Amino acid sequence: MKEWYVRRSGGDAGPFTESRLRKLLSEGMIEPGTRVRRGGDGEWQAVASVISIGARKKKADDADEDDSSDADDVNRRRIVLAAAGCAISAIVVVGLLLMPGREDKPADEKNAPAVAQPATLKPLMPEVPSRRPTSAIASSSPKPAPVSEPLEPSRSAPAVRTDRETTKPAAMAAPLAQLVTRPPVAELPAQPAPAADDDKPKEIKDTDLTRMFERLNLELTPEGGQRFLADLRKKYALTDKQEARLAAEEPRWNERKEKGLVRLGNRWVKPDVQNAAADKAKRLVSQATPLLRIGGFKEAINFLQEASDADGNSIEADFKLGLLGSTEWALLDAVNAEKHFKEVLRRSPDNVPALNNLAVAELKQRKHSQAIKHLSLAAALAPRCQEVSQNLGRSLFLDGQNRINLNADDERACAVVYSTLIAEGKGKEADVSKGFLLMNILLPKSERENPGSDPDRGQDLILTGSGSGFAVAPNLVLTNRHVAEHDVLGTADEIRIAVSIKGQPVRRLKGMVVALSDEADLALVKFDALDARPLPLREAEGRLGEEVAIVGFPRPDALGDDLKFVRGSINSVRPDELLFDCIANQGNSGGPVLLAGGEVVSVYTFVKTVGDEVETKHGGGVPSTLARRFVQKHAPVLPAAADQAGRDWPTMIEDVRDAIFKIEVYHSAGSPALQAAFARVAASKKNARFLEDRTCVSCGGRSVLPCPGKCIKGGVQRTWTEQQPGVIFGRSVMVPKVMTRVDPCTACAGRGGVDCPLCIQGVDKALIFR
Ligand SMILES: [Zn+2]
Ligand SMILES: [Zn+2]
């Protein structure tokens, strides 16, 4: 209904509908503090409060909420009001936040350069974290992620592949420069500012040009860099000195193009090196994923760290490491979370999920200013991101309760950004019954917006391990039981092998586990499409001193996918185990231990250790006699041994290699076992939600507050003076002596701190009993 009037210096304007008000606000025609009134005689009030409260009222009417929620309501409304109040007092800043015309062009918004709109954020610029000097080719990462609305993490947080596919020149974003060069609000014309992508070249400050060069160095290809430089020239009227800087950049990019190099982290390499790094990192990350779900955090961290080191372009591993340090079901380690999210941002400066999660890690460490800066930047990049508005609103709420103490500037910045998001209808009012919200990197939008679903669910098969195996019948492959069966996840849902016969293309086959031995560490896998020439299992026991070769696929992540060979001899024979005086690495498990004649004498199974760690350089395996017994139950006819003694090792290996396979073990991400394992972890933290951070901000999750008394580590020092007998120049006199004693502090009973009253074991009470 057209019922709103806007106060203007030259007379009131109107009537307007509420949606028209919203539009005016979003277009910058009016400001959040602009006075409006309903009808000709309503009360004048700030448009920001009118719009957000109006929206809230409607909701409340619909829902017909009961009385018990009133307290929440009041709290929530108080935030909005407080925020709106601040907005009025900070109009100067707000005016800049509202950029023209975005609502009108949703299509544009999708493609718009990420940072094009947030003019105000100049004072809130992020420190894009950098570990290295800004010189040279330092940092990595693609250009600013396009703003999708609402933000969809999987797209805006480019992973390895998408990075590589992007072709849009980063220079188009020209974001930082515009932020800084925009005139102060007083000089803004009454009409919305001219479109940002004006054809006319603008001037650019040296410092902004330097920032652009930092972005330039994140280009993945020489072509990208050349486009970036060309765009800079087109967009800006450069001074001679600036032009010289550009010209100095050019040869470097031309040279890279001539050599056909692409960027990998801070190096320029051949494309196949970049591909190999990406593949390696992907493999390592996929090995970590199932471990994360079953609580194997320590092992997962190793995989992820290795992945991060392997591929300096990818942000996936660091993002997961950051989440790992952020979530209460995993490890609460805000320091590490901060470190890894900063690494993500070094590689991809406009990554909103990383900005958001970094801010949460900072809030937990009471680094409030930085947290507000990062949330503000996230809000500017992705104004419709609900997690960001929740975290801004919750910060204000906690500040209002004196649970955290924002300084005046941060408080104002936080209120302005939050209230503007609400006023523009982009952000959602914070729900104070919820904690800080983290964002996931890999979640598709649909799942993220559906709170009922388990965000970590997936239908895909996940690589959970690898080993070796060999054919014992044309379509049966023998391997270790511990390869085919996971401690927690159970039997593999699928086993895959790659069959590469000389002169034929590589075929990848899928198989199923058909038998697990109770007697020995053995499993049989059936591949319907396999037709291999099986290896003979020797009937006679192994003999001390016989020469053997262990063949298989150890550590494919580090050593590559090809077959490996180690030679030694049998140095211990027992009915259920053979030992060899050589070891093969993890991944050799299930591979054959061969005699020179080509017979299998054992299935390689373990590395012998003494105590916990001392390696004796002995490996061991299941004797072929046991293996025969197991296999014969399922394949009655076993191949006979052809007597081919006298061949040399290379000839023998050449002869048998087509029957030896690298085995990849897959578990279904949605398998009941995996779900159950995850549920166990989740249940151990009651009420925990996967991406909600319920850490108590008063104590930073330590559940201890500093002692209110003035003690040092629980002790209070008392000092007094006593007169004691002494001798001076041969005469007995009373001498004053300073005495000290440390008493236990009464305020904390000598503990040095007091229990935090607001949480239980670091989890905010208000969020437990909701
Ligand atoms: Zn606490
Ligand atoms: Zn004390």
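Every residue, even glycine, has its Cβ placed from backbone N, Cα and C.
For His482, Asp521, Ser589, the entry in TrEMBL reads active site, charge relay system. Marked as compositional bias 'Low complexity' by TrEMBL: 133-150. Annotation source TrEMBL lists domain 'GYF' at 4-50. TrEMBL lists 105-177 with the feature region 'Disordered'. Marked as transmembrane segment by TrEMBL: 79-99.
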The rounded CA-CA distance in Å from Asp521 (active site, charge relay system) to His482 (active site, charge relay system) is 7
His482 (active site, charge relay system) falls, by DSSP collapsed to helix, strand or coil, into helix
Close in space but at least six residues away in sequence, with Cβ under 8 Å from that of His482 (active site, charge relay system), the same-chain residues are Asp521, Ser589, Thr605
Its Cβ having more other Cβ atoms within 10 Å than any other among the active-site residues Asp521, Ser589, the winner is Ser589
Mean per-residue pLDDT in the domain 'GYF' (4-50) works out to 71
